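Chemist: From TrEMBL, here are the annotated features:
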TRANSMEM  41-62  transmembrane segment
TRANSMEM  74-93  transmembrane segment
TRANSMEM  132-152  transmembrane segment
TRANSMEM  183-210  transmembrane segment
TRANSMEM  251-273  transmembrane segment
TRANSMEM  285-307  transmembrane segment
């Protein structure tokens, strides 16, 4: 089977990586040129005055709130941004490992696509791109609606509450407070979505490699042994590499998924509490923005669970793919090798978030159930 270099193996994420570099959340490929100092300090110069300071001011507003209702108006977003801090620190700390993993997925010879796999690969990459462009666009649309909706309020109100250290209930002060709010929240929103995208892409790409392995097994269903043996050897080597990639992927995404799952129940809970407090008739603009935020939060926690589940399912399906080879016509030695390989496949491939749970759809359902339970408890306590 001939191979080709015509396919862009990471076409689904290439544009996102470029944007991430400019947002300071992805390593530049060459940080030893004449711009090395600027490239190294740029992420801190960008995120400390906006992301980290803004989040600190949001929590200061929570701690200085005069009542549960005032705190609840800020708390749902404050908890959301705590997850962002974990994601940013994680990608900064593991930036070299993340870049190496992406380079291996893009360039390593083990993962060359066969000529007949190019169309399948492009279709799946484009499908991933459409999903996450929609997710990023939807999230940014929610933020923009929040920026605009406050202009239709009778009183001065910020799109997303935070502690303002000066008097802002006047035209000039409000302009400065609103502008900082919009700039900081836009950076937070975009960074959050892009880091979600890169984490899900690692899982998606590795799941695709498992599917490619399965397709190569299926292609051997009529192949004689002398033709199948070299291909089986290449498949076994590829599978060994993909299992190593799976462990590397788990190391990179584990902190981000763990924090997302742990905090998402509280985020959805506080968002639901805000919906109850605001009400549609009292403040339709804020109600609609918060409702859209809840929907995007549910999608945000669903996506990594879905792609983690897909990786597990694709790896598990390899057992059926091996059965569909022409193994009955092989020699005893080859059948013994396939039998040993089948024993290896009995060990499930599962990504774990920390040591607490497996990344999959069951943990998504458990998170939603926990959010509902917390919301019911919070409403009862506030009565």
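Glycine is treated like the rest: Cβ placed from N, Cα and C.
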Chemist: State, in range form, which of 41-62, 132-152, 183-210, 251-273, 285-307 has the highest count of Cβ pairs under 8 Å to the transmembrane segment (74-93).
Modeler: 251-273
Chemist: Please give the sequence-distant neighbours of the transmembrane segment (132-152): residues at least 6 beyond its ends with Cβ less than 8 Å from one of its Cβ atoms.
Modeler: 12, 16, 158-160, 178, 181-182, 185-186, 189-190, 192-194, 196-197, 200-201, 285-286, 288-289, 292-293, 296, 299-300, 303
